[in-house]
Amino acid sequence: MTQPSLPRPSIAIVGYGSQGRAHALNLRDSGFDVTVGLRPGGPTEAKAKADGFSVKSPAEAVKSADLVAVLTPDMVQKKLYDEVLAPNLKQGACLLFAHGLNVHFGMISPRDDLDVVLVAPKGPGALVRREYEIGRGVPCIYAIHQDRSGKAKDLALSYADGLGGARANLIETTFKEETETDLFGEQAVLCGGASSLVQAGFEVLVEAGYQPEIAYYEVLHELKLIVDLFYEGGITRMLEFVSETAQYGDYVSGPRVIDAATKERMREVLKDIQDGTFTKNWVAEYEAGLPNYKKYKQADLEHPIEVVGKQLRAKMVWLDNSPKEQKEAA
Ligand code: NAD
Ligand code: MG
Ligand code: MG
Ligand code: MG
Ligand code: MG
């Protein structure tokens, strides 16, 4: 199934969340020797054991591994690297990340003897696992930061291949490109942009006197139909499926909402990402105990669209609204 000419490193996966679990299961099914490194008594230890993995402390797990995948939350990686990985990784091992943030912005400066690579599937862990199980894969991007062995690229390709990524598509990138575009995408378009657009549309309708239930369907619920069409065939396919009236409205009103000034502000967001301002602020926020993060999150959770949405979704019997852990394990 996997390419025989590529190296077959022994692998330690540190972290068993969204990505960690999917990587560990796919790599094991692809024939790799996989050990999972987790804090004893940590929240995902039982899950990794139930999946049949040999679970060790992060320090023990990485000592003998040829390749160590760092799949903990981004904000704990620096401490993990400094206290556990740097003193225990074997000479000449390969250190692998699924997001370039810590290396690109210099929070982690990997030891000189290590290969340092990135393999990032373009999808959440649950999809990485599900696609693999049905014989397909999620596209992966990969990058090389440091190549001491001369085999860093083959190691990244072997790992991506074991994840199932080679069945879909592999694209080479750099730590800089992956980090900056990933942050921009989630901030300007995917998470930040899309949720703000939906909230603003909802507020405009409700403030104009329309029923919140109707507003919810129009600006949030139906977004799925549009995004599914984007996913299947781009904006071309969306235009094929919506009415002529919807198309004409798109052409004349879309650019009134997202205009040159919006694009200029997107460039400011990108600049803050590129020059490190965003990361500096995020690290400071994390170290201060997340005071603003918690406040912003609470405001989102209490937004009127969440209140009405909860009531309406209770009647949508077809929805899978199982808890995150359960959904990811499915
Ligand atoms: P997650 O929050 O789902 O899981 C984190 C795991 O790390 C958990 O098992 C947790 O118990 C463990 N952990 C936390 N602190 C630890 C510590 N100090 N030592 C050892 N283990 C610890 O994380 P995730 O979303 O899978 O993200 C992991 C990496 O993958 C990040 O770099 C992220 O940017 C990247 N990534 C995530 C996605 C995604 O869709 N979630 C997609 C691509 C890349
Ligand atoms: Mg991303
Ligand atoms: Mg991201
Ligand atoms: Mg938001
Ligand atoms: Mg348009």
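Backbone N, Cα and C define each Cβ position, glycine as well.
Bear in mind that the values here come from a model prediction, so they are computed numbers and not experimental data.
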Problem - Residue among Gly106, Gly123, Gly125, Gly135 sharing the NADP(+) site, where TrEMBL lists Tyr16, Gly17, Ser18, Gln19, Arg39, Thr44 as binders - result: Gly125
Handout entry: Per-residue pLDDT averaged over the domain 'KARI C-terminal knotted' (174-319), given as an integer
Key = 97
Practice task
Determine the binding-site residues, out of Asp182, Glu218, Ser243, lying near ligand 3 in the sense that the CB is under 6 Å from one of its atoms, and give them in sequence order.
Solution key: Asp182
Completion exercise
Same chain, |i - j| six or more, Cβ under 8 Å of His99 (active site); the result in sequence order is Asp74, Leu118, Ala120, Glu178, Thr179, Asp182
